[in-house]
Amino acid sequence: MSSPPPPNVAAPPYDSAEKGTLDAQAVKSAHVTLPLQVSMGEKKGDTTVTTTVVPAVKNEGSAPPPAKKPTKKPISKWILFLLWYNTYRKLFTICFGLNMIAYGCTIAGYWPYGQRYTGALIVGNLQMTCLMRNELFGRTLYLFVNTCFAKLSGRLFGGDSDHLGGIHSGCGIAGFFWLVYRTVMVFKNHAVMHNSILAFGVITSSIMLLACVSAFPIVRNTHHNVFERHHRYSGWAGLLSTWIFVILGDLWNSETQTWNLSGVHIVRQQDFWYVVLMSTFIAIPWICTRKVEVDIELPSPKVAVLRFKRGMQQGLLARISRSATLEYHAFGIISEGTHAKYHYLICGVQGDFTKGLVNNPPRTIWTRELKFAGVSNTSRLYRRGIRVCTGTGLGAALSTCLQSPYWYLIWIGSDQEKTFGPTISGLIHRHLGPERYCLWDSKQRGGRPDVMKLVKEVYVTWQAEVIFITSNWQGNQEIMAGCKEAGIPAFGTLWDFLQ
C-alpha cells in the first residue's frame, strides 16, 4: 500500500545525502510519511505486517568533538593514469583502433574485403554496440564467468565485466566511420546509383552522428535527459533507416541499374543477417517491459525507498520509468534473496525523475523485468570481500552482504537512520551481525573517517580478497587510488561519462 502523498512542496536538490553530509534533523516532520513495515509474511487482506525494527540510537548529551580531517597524500601520476586508462578505455582502444587500421587499409586499397563488404562492417559494428547493452547478454556473460571461473582467482577479470561499455562505444563510433565511407563511395558512384540509396545514405549518417554526439561525456554528464531521449530515439530511427539503407543497397544492381527483388538474393547477404541480429538484441529488453505496482516510503525529503514484489539475487540493477518509452533510470536492487517477498530501490533526489518520486509518488511504475547485472554479481568469485559505499550507494551494495556471510559492509553517510528510514536500517540489523559491518554516521561521529585507514584495517582483519566500491566520483577516485597504491584489488563505480 502506498504511503500517503506528502505536501506539494518541491524536493530540494539531492547533493548532501549522496555525499554523506545530509542534515536530516533540519527536515520538518510534515514532510515525512509513515515508513513501510518490513515482513516476510502477510495476513489476508493486509498489505503489510508490522515487525520489530531496530530504533535509531538517540544521541544524548553533547556531540562528540569533530573528527580531524585526514591529510591527503599526493597520488603519483602513474596511479592516476592507471585509474584513468581503465578496462573501459582499453576495450575502446582495441575495438576502435583495430577498426581504424582496417579503415585505413580499405581507403588505401590494401583490403578488398572492406571495399566490397562495407555494409557488413557497418552493421557488424552496430550489432556489437547493441549486444553490449543487452540485459540478456550481460546476465549470460556474468553467469558464464561466475560458473566457469568460480575456482580461479577473481582478480583476473571479475570486476572488469562492468566495463563492456568500452566495446559499445568503440564499435559504435567505428560503425559511424564505416557508414560515412559507404556514403561517400555511393555518392562517388552516383551515376549508377539510385537516388533513394543516396538519400538514405545521408539520412542514416545524420541520425548516427546525432546518436554519437548525444552520448559524448560533456552531453551525457551535464544534460542527462537530453542524452537519454536523443540517444534512444536516434537509435530507433537509426535502426529503421539502416534497414532501409541495407535493403536498398542489396536489392540494387549497379551494373544493370535494375532492382533484384529475389528473396534468395537478399538472404545471402551478410549485412542483412547482421541487421536481423541487431534488431533482435534491441527488441528483447522491450519485450520484457512491464507496468508494476510499487510502494514508496519517504523517510526524508531527499530519499525515496521503493518496494516491489518478488525477491532477487544479489548484484542486480533495475531500470524504472514513469513512461514505457521515455528515459529509464538504473538503481541497485536490495533484496534478502530469491525467497523474499520484496525487493527495494533507494532513490536519492538528483533530477526531475527522482524529485517526482518524492513530490508525486506513483502507485505503478514501468520497469524491465529482465534485470541487468552489475559488478557485485561477481562477488561469488571471491572467498571474502568488503563492500564500501557512501550515501545512496548502499542500494547497489547491501544485497551482496545480506545474501553472503563472507562480505563485510562499510557504509558512510550522515544521519543514516533518519535519512534512509527504518526499512533499510531493519534489513541491516536483522541480517548482519555487528562483526560484519561498520556504519559510519558522519553526523554522530563529527565528520567523515579516514576512509583508506578504515578500509586497510578491515581488509586485514576480515582477510578479504577484494573491495567493491559504490560512491560518488570523488569518493570513488579517492578509495580506488588508495587501494591501487596499497596493492589491494578494488573495483569501483564506472564514471566513464564524467572523465
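Backbone N, Cα and C define each Cβ position, glycine as well.
Pulled from TrEMBL, these are the features on record:
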- 91-111: transmembrane segment (TRANSMEM)
- 164-184: transmembrane segment (TRANSMEM)
- 196-219: transmembrane segment (TRANSMEM)
- 231-252: transmembrane segment (TRANSMEM)
- 272-289: transmembrane segment (TRANSMEM)
Please identify the stretch among 91-111, 164-184, 196-219, 231-252 with the greatest number of Cβ pairs below 8 Å relative to the transmembrane segment (272-289). 231-252
When each of 91-111, 164-184, 231-252 is checked against the transmembrane segment (196-219) for Cβ pairs under 8 Å, which one has the most? 231-252
State the non-local partners of the transmembrane segment (231-252) in its own chain: residues 6+ outside its ends, Cβ under 8 Å from one of its Cβ atoms. 119, 122-123, 126, 186, 193-194, 196-197, 200-201, 203-204, 207-208, 210-211, 214-215, 259-261, 265-266, 269, 271-272, 275, 278-279, 282, 325, 327
